[in-house]
């Protein structure tokens, strides 16, 4: 088990490491880092070097076993920040359970494997290992975050030269296939569908999704970085999580429902992890959107901007983790959503 | 007085005139049109030809006295549509007041006048004429919508050649100056500030804004198109409006307050007219945003996407009128907001 | 036969019709128009409403039989303009041949046909009719320009709903398939390949291209607009053309060779019609380009900007017709190129 | 004196350090590096993190005294690469002169100084020191490259808070002011104008420019990185340079003239350093361009794409250093240009 604390720290730019100071001031050490989950301010697409810069700065400074996930794109009111998942085994008085988390890198994927069965399997296996490590069951899990590779012009050409067929010849499109495979790998690992169904879904012939999957792709890595967040009786801390999904990009009601559950427990929202996408039908509740016909701004940027506006309004600040491209992460046009919150210390709650 | 009805009709593209059919089916004629206020799907900036296309299609089909205002930019979940303000003098039983509206074009502005005192004065005068026409006082007004010109490379060069100094040498920046002058002209006309203060505000030396002003700029016109919407006892219809402002781009509370007032009257939201902008300080509630440092997507596009996401979530659909660039239209970083709603017919309201 | 004159007229914006005045001043009437081939200043991609605006303005003002082709995208030094192909049957003294041109609309294409065999066949048939009309053989042809439809979110969803499979689910990608089918239809009509090979090429299994094909796609039409330009002894005018291809986007030598042939005849370049594309291998002459990994600017915009810079330098002005997306229009990474030029009047050439 | 060699090495991404291997294979050590001048593949504007990534990777690996200049933007056919200026004191037989280079960082600039007299002076002083170090006179200099800071939302707000006025409130616009001040500082240092005239020019009241200045701005530094390249009899190597300017962005003739001079000497072009900008009048040779009215793509990106297309065509490959924003670096709408070339070894030249 790995009880955790969560620190959310704004960043002045993708290379800003002020968060280490906050870490220290909060009584933790870099060695305690389980995972760094950041929103950086690039385009969130193929040529997003804000992610690469953040990775270049952070990777040498964190433990070997820790993983980074940098998701590009802080459109609109979204604010660049990092979420530090820190090992905190302390047993907070008055709590008999708490959030735990573990992270791992998968093996490297060959470009020919990206967006295909091999990626599904690799993610499934790695998530399974993480569940075992944490000693939790799929039912305890609230969030599985994956950063996975994409195809560039170079890798596509190399595949062609080798007589192999890439999953996509468009680099931006390859991001979607990679996210899809990762998410289906999560769904299999969490027992939400079997491998066969996942393969059908990847082929576009089955509709499967996980409300706990959050995958983003990047050119800055060739393996998968995976973080699992779960609730466990082996820990004792005030952090809790709820998860659910938005049925479309304006599904205020579903989010309010999650927030109401938290409010009912007297909890304080600490962070929202949400996926967003342009509804593939080209409309939301019967009204046309233009995200998929806009050749100036990619659809994932539009989706983050819109859902980010809604969630930042609800959270009261822009340091929300909204990631674009929600293939099999919530229903089509919607997205998975996990809210991490903090319970009040019991003595505050109970009458004397 | 001009009692009005409001029809909001989705458009399939900027040249779509299906709305005329809806007009007819609703019992009105093109001659009844007071104003066509549309959201079109361009970039909302200088080279937005979706506005020009809509204007080219609509202008020849509407009465001489009617005006169009096409605001470009349907980022995120915003959905392209037109709002038809239609003359409807019918006295609806059970109502002793109602919404009225009137529209007018100002004189043409010389490029040297754009963004300057002359534009303030022109807008002030035209709004004053419209108030007189409607027989309403400034206190009755809920919304003044203005479409105003901008500077292009051609007009900037022409000014330079003539030895004149344009208000801005950057075409995109000229939009902001034009919106500012129009908004300050509205503020003067509504008695929210005097002319002198407006001039100081235009020079950046005073902080004045109107919660009822909504101005957008475009290359497709050289005069100002102005619509005034007010409440008046000379009409008798179920339409009403409330106005207010968002203090920042995530100010959910202020919008909810307006919606609560409507709900308290049993009203149904018909349309939201909102302005949005990137907070000029570079942060929202102390957290950095990246709208002003993004050289790929202009700040107004970001702002519409974010505020559009929030308001569409609240309205329940994406056909919201969110316009970018809120200089003197609500406080800096926030924006003016007007909600038009419909009261239930009285017999539904009254206990038997 | 239809002897022609060519007028190239700058435009102040997509809706500018000043060219009609130039037409009149040059002694022609609108009825003489065979085709209007324009470069407009939108993004040249799916949501390019500059094309739609130009079409809305021009279509009602030209003869029923004439066609427009508006190609969006004037990146870099490219300058918006229209090329008017005007019927001019006058027999210019001293010439025994000349350029001829004819234009036609194909039947409307069903969205399911776009980018498929049916589009190839439709273009082939229409080009064949035009050759017959002109009384020329494929060997006489220097240029076949096609404007063809694309798929939007709406048409893609409609196809899915009808249980049909669109050629692409990405709207931008559909432009490439449509251009490909049109270009292969031209190749078949000009006897450059047979239908079977064209179908293989469309499936990516054969490498076929025409140096005389120039196709661009747009949302503003649902049929194909086609113009054929050829040389014929039935006309007698000073216009001539040469065609060839650039082997890549920096193939200065091939263009210089064409220009040298013109110079050798004492000709004056009147217009260059060129296609451009990002090399699909991701590199040009062994050096990586970034057009296909740039998620901010679409590859066709990059390609037009670069090739436009080269050709404008050679022509000496930016009113060059460079169109992006050169599938089967010249070799991969290169593009077809046709230069129309004017011979001097014979008496200038000949010694007394 | 510092005789130099020049290595131009393609990069696979902004963080690629393969160039170190090439350096070693060429017989040099990292300690020999005088300067690394790279083209990286970001947008070349405010939020270009490709520059920041390259700087983060390179800075710790080069000598304290060496400087990096990363210029973002490889639009069109431009290819990402680094130009390594390497100390090479070897006296190549048969040469009695050669290229020399020296580099230095200026003091840090306060945000309030950016784009103002203090920046001019700082650059002037640093260039003067470099000339002294090299023992060359202004007449020997072929190129002065400067990387200088810009203003971000954060620094602009900080200035406002401190009651200071930033040179620009638009972050993108601040880049132009910074480039202008650097270039005028170069002009003063090279004796091309006096300080007073430079100040007038900065205020827009004098037209001064240097054909040897090349300045680019970035968020990744707060001082100025400066490289001077000159010809000197103290060195003996086969490298030479010519400089001149393009009068506009399609000025093929001026470039050909420089290349002819090189060809006349039997030289081989090694690299072209050019500046490019959108003509501020909005037209090139009387024809309108749309770079300044395009709100989707910034003008500097357009300019690099176009001029890059022309120069890559002339050089025969895309690894050309074209930098956008040519304020006072060549005439308005044009740009400075320096070509470094290599003379043949004398024995190849001379008849036996």
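Backbone N, Cα and C define each Cβ position, glycine as well.
Automatic, uncurated: that is what TrEMBL annotation is.
According to TrEMBL, the protein carries these features:
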- B:1-91: region 'RU A' (REGION)
- B:51, B:71, B:72, B:179, B:216, B:217, B:304, B:323, B:324: substrate binding site (BINDING)
- B:147: active site (ACT_SITE)
- B:216: active site, nucleophile (ACT_SITE)
- B:239-352: region 'RU C' (REGION)
- B:277, B:326, B:329, B:330, B:331, B:334: Mg(2+) binding site (BINDING)
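Comparing residue B:304 (substrate binding site) with residue B:277 (Mg(2+) binding site), their Cα atoms are 7 Å apart once rounded. Summary of the substrate site environment: with the site residues B:51, B:71, B:72, B:179, B:216, B:217, B:304, B:323, B:324 set aside, the chain residues having Cβ atoms within 8 Å of the Cβ mean position are B:44, B:73, B:175, B:218, B:300, B:325. Residue B:326 (Mg(2+) binding site): 32 other CB atoms within 10 A of its CB, across all protein chains. Here the region 'RU A' (B:1-91) has a mean pLDDT of 96 out of 100. Around residue B:330 (Mg(2+) binding site), the same-chain residues six or more apart in sequence whose CB sits under 8 Å from its CB are B:209, B:210, B:211, B:245, B:246, B:247, B:275, B:336, B:337, listed in sequence order. The Mg(2+) site is set by B:277, B:326, B:329, B:330, B:331, B:334; from the centre of their CB atoms, other residues of the chain with a CB within 8 Å are B:209, B:245, B:246, B:275, B:276, B:327, B:328, B:332, B:333, B:335, B:336.
The binding-site residues under consideration are B:216, B:329. Their Cβ neighbour counts within 10 Å are lowest for B:216. Every protein chain considered, the tally of other Cβ atoms within 10 Å of the Cβ of residue B:304 (substrate binding site) stands at 32.
Candidates B:51, B:216, B:324, B:326, B:334 (binding-site residues) were compared with the residue listed as 'active site'; those inside 10 Å Cα-Cα are B:216. Secondary structure of the region 'RU A' (B:1-91) per DSSP, as helix, strand and coil residue counts: 24 helix, 29 strand, 38 coil. Across the structure, residue B:72 (substrate binding site) and residue B:334 (Mg(2+) binding site) are spaced 19 Å apart at their Cα atoms. Helix, strand and coil residue tallies for the region 'RU C' (B:239-352), in that order: 34 helix, 33 strand, 47 coil [DSSP]. Spacing of residue B:331 (Mg(2+) binding site) relative to residue B:324 (substrate binding site) is 14 Å (Cα to Cα, whole number). For residue B:277 (Mg(2+) binding site), the binding-site residues whose C-alpha atoms fall inside a 10 Å radius of its own C-alpha are B:324, out of B:51, B:216, B:324. Each residue contributes its Cα atom, and for residue B:216 (substrate binding site) and residue B:334 (Mg(2+) binding site) these two points are 16 Å apart. Shown are the binding-site residues B:72, B:324, B:331, B:334; the one with the most C-beta atoms within 10 angstroms of its own C-beta is B:72. Cβ neighbour count for residue B:277 (Mg(2+) binding site) (all protein chains, 10 Å cutoff from its Cβ): 27.
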